[in-house]
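K.L.:
This is the structure, below, for whatever I ask next.
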Amino acid sequence: MSHFVKIYDTCIGCTQCVRACPTDVLEMIPWDRCKAKQIASAPRTEDCVGCKRCESACPTDFLSVRVYLGRETTRSMGLAY
């Protein structure tokens, strides 16, 4: 099943989500709009197993990384198939 991983611009570049991911879905990329000058990116979403460890590791008040699982993706994102 395919999962959607969304990185929000509230990311502070701490790398906690990248280190928490057991399948190496996330990586940090350069980004000038935060103090750390980097932001999480999800280039390998096909490897996401939906464990949501990245969400649990995120220290921001509003989770900067969210994983939407299968049917949850269509409801949360307002999409219809």
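Glycine too: its Cβ is placed from the backbone N, Cα and C atoms.
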K.L.:
Going by the [4Fe-4S] cluster 2 site in Swiss-Prot, where Cys48, Cys51, Cys54 are listed, which of the candidates Cys21, Cys34 is also part of it?
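P.N.:
So, going by the record in Swiss-Prot, that would be Cys21.
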K.L.:
What is the set of residues, excluding Cys21, Cys48, Cys51, Cys54, whose C-beta falls within 8 angstroms of the centroid of the C-beta atoms at the [4Fe-4S] cluster 2 site?
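P.N.:
Here the nearby residues are Val5, Cys17, Ala20, Pro22, Thr23, Val25, Leu26, Val49, Gly50, Lys52, Arg53, Val67.
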K.L.:
Sort out the sequence-distant neighbours of Cys51 ([4Fe-4S] cluster 2 binding site) for me: same chain, 6+ apart, CB within less than 8 Å of its CB, listed by position.
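P.N.:
Long-range Cβ contacts: Pro22.
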K.L.:
If we check Cα distances from Cys11 ([4Fe-4S] cluster 1 binding site), which of the binding-site residues Cys21, Cys48, Cys54 wins as closest?
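P.N.:
Of the binding-site residues Cys21, Cys48, Cys54, Cys54 has its Cα closest to that of Cys11 ([4Fe-4S] cluster 1 binding site).
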K.L.:
Taking only the Cα atoms, work out how far Cys48 ([4Fe-4S] cluster 2 binding site) lies from Cys58 ([4Fe-4S] cluster 1 binding site), in Å, as a whole number.
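P.N.:
Roughly 17 Å, rounded to the nearest whole number.
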